[in-house]
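The transmembrane segment feature in TrEMBL is assigned to B:9-27, B:99-120, B:132-157, B:184-206, B:242-267, B:287-313. According to TrEMBL, the feature domain 'ABC transmembrane type-1' maps to B:95-306.
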Amino acid sequence: MAKQATVDIKKEEINSPPTGMQVVFREFRKDKLAMFSLISLVLVIVGVFIWTWFIDQEALMRVSLRDKYAEPGEKFLLGADQGGKDILGQLVTGARNSIAIAIAITLITVSFGIIVGLVCGYFGGWIDNMFMRIIDFFITIPSLMVIIVFVTIIPKYTVKEFILIMSLFLWTSTARLVRSKALSESRRDYVNASKTMGTPGILIIFKEIMPNLSSILIVELTLNFAGNVGIETGLTYLGFGLPPQTPSLGTLISYANNPLVLQDKWWVWLPASLFILLMMLGINYVGQALRRSADAKQRLG
Amino acid sequence: MWKTIVRRVLIMIPQLFVLSLLIFIMAKQLPGDPFTGLLTPDTDPNRIEELRELAGLNDPWYVQYVNWIVNAAQGDLGKSYTYKIKVSTLIGERALNTFWLSLVSVIILYLIAIPLGVLAGRYQDTFLDKIVVFYSFVTYAIPTFVLALIFLFIFGYQLHWFPTVGSVDIKYDTGTAGYIWSKLYHMLLPAFTTAVLGTTAVVQYLRSEIIDAKSLDYVRTARSKGIPVNKVYSRHIFRNSLLPIAAFLGFTITGLLAGSIFIETIFGYPGMGQLFISSLVSRDYSVITALVMLFGFLALLGSLLSDIIMSIVDPRIRIE
């Protein structure tokens with residue numbers, strides 16, 4: 001009976017090559033480290049979001065000078081900062097904010113980039129020309145500096161504005177990638193066949209071309225997410241990121257700008273730095289495994 | 001060849017124009033003006049108004065823009081309100097610091113990246129290769145400021161191997177050997193950090209380039225003529241793989257500039273990146289506009305440089 005089953009599975013594999021999620025699943029089963037990264041990432045992200053529900057934000061932000069730079073111990077698991085505020089609580093809240101904002105920016109930039117890229121790649125002509133000039137411009141400007149200046153000039157500055165400013169400057173790479181893929185895809189026979197049958201362009205783009213690019217899009221989504229976490233925390237570290245009332249991982253690290261803290265009070269900034277480091281390694285590793293599974297030549301599984 | 005360069009330069013002009021307009025309008029939106037800081041309860045409001053009039057701050061924005069562009073084209077970028085000296089002098093000093101730092105970074109970058117890339121490519125799929133691949137993965141994933149802080153903490157504050165702030169020890173006189181050594185010594189840690197972060201692209205490119213070259217005909221020919229393996233790698237493959245790496249130089253410069261904002265702030269190194277952050281804090285907007293323009297210009301120049309080297313190396317992409 002058991003033997004029969006394995007034979008059946010083999011037959012199936014020969015008959016239909018693995019597609020979509022099956023390929024991804026195989027890749028992750030083959031690469032144990034990627035599997036481990038994926039599972040721990042999901043656990044950490046979900047854990048952080050749940051944990052913040054149980055943190056009393058008011059109590060967390062209360063200044064108590066008696067606990068100034070309290071060392072890690074029983075009262076504060078990871079010590080306290082200059083204002084006697086619990087580091088662990090700030091770390092979890094900061095991680096929640098950083099992750100949520102990075103997800104928001106990623107979703108906005110990637111969806112905008114996909115739409116622009118697909119439309120440009122499929123239709124070509126003046127739309128393509130116009131967007132390519134805009135993208136060329138965005139790529140050549142020193143975007144980090146321009147974002148910083150933007151952040152300084154916005155009068156009523158909140159998280160929403162920050163997300164919008166970041167999105168304004170970060171959609172171009174996705175658009176460029178998707179455009180080049182859509183360009184080669186729209187020369188394929190199935191697209192031409194669909195055109196001759198009178199399918200409207202919009203339907204061809206989103207129902208026929210886009211599914212064929214899905215594996216690349218997932219990779220792009222993952223790697224962009226990692227990049228956005230890096231940029232957001234970096235800007236916040238410099239003091240031009242999230243507004244002060246919204247702590248981020250970068251806020252905790254920015255305490256290290258004070259040489260005294262950097263030198264002697266490692267518990268203030270090191271946990272957040274290591275958190276970012278490990279998270280970035282994890283996301284990028286998952287991204288690489290996804291990229292491998294999107295390219296038949298590089299697959300392990 | 002020349003057509004390619006001319007065409008690329010022509011494309012640069014409108015890009016610079018749009019960038020300058022954008023930056024100028026943004027700078028005008030910065031809250032407060034340079035005289036806000038001078039206000040004290042005893043200041044005569046008329047005097048401030050007079051100063052504003054003199055500085056041309058009451059003209060319509062397009063007049064100010066044209067004045068700014070015309071002056072900038074003549075090398076006059078205005079005066080820094082916080083440092084009380086000419087912006088061009090101020091940036092000139094800082095740019096020199098950033099230039100030396102970038103130069104040392106690029107040298108260290110290639111010193112690390114080329115051996116790693118060549119070895120990983122040559123001994124593909126061995127333990128050594130796996131370590132190099134892992135190294136380039138880690139340096140790709142880690143954000144600049146995290147690595148810089150961790151390096152500063154370990155090598156600067158814990159091990160005391162390197163100075164933690166500044167660009168030179170004040171006890172030396174300009175021009176002496178001690179002064180030059182002290183400058184270099186202050187540069188090493190920030191340059192090393194920048195270099196480590198920049199190696200990823202070069203290592204990966206060189207590695208895959210060498211792996212591809214292994215199975216090419218000219219390598220097989222060289223081997224069948226009886227040239228030893230070592231010589232084939234050092235003379236034939238290495239030279240062919242190195243050319244495209246040269247093309248990376250332009251992009252490397254762009255990357256260094258963006259990274260300099262973090263690196264110089266963290267290591268307290270008085271270069272352009274640090275000047276940018278400190279002028280933003282003090283709202284010194286003649287310095288801010290000049291710096292963003294300069295960085296934009298240098299980034300364009302970097303990609304132009306890459307394109308030119310590419311078109312020399314690879315004749316297929318030339319425009320005829």
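Using the three backbone atoms N, Cα and C, a Cβ is placed for every residue, glycine included.
Note that this is a predicted model, so its numbers are computed, not measured.
Count of Cβ pairs under 8 Å against the transmembrane segment (B:9-27): among B:99-120, B:184-206, B:242-267, B:287-313, the largest is for B:287-313.
Counting same-chain residues at least six beyond the ends of the transmembrane segment (B:242-267), those with a Cβ under 8 angstroms from any Cβ of the stretch are 98, 101-102, 105-106, 109, 114, 144-145, 148-149, 152, 164-165, 189-190, 193-194, 197-198, 201-202, 205-206, 209, 273-274, 276-277, 295, 298-299, 301-307, 309-310, 313-314.
Remote same-chain partners of the transmembrane segment (B:287-313), defined as residues 6 or more beyond its termini with a Cβ less than 8 Å from a stretch Cβ, comprise 1, 4-5, 8-9, 12, 15-16, 19-20, 23-24, 27, 30, 68, 72, 77-78, 80, 82, 87-88, 90-91, 95, 243-244, 246-254, 257, 272, 275-276, 279-280.
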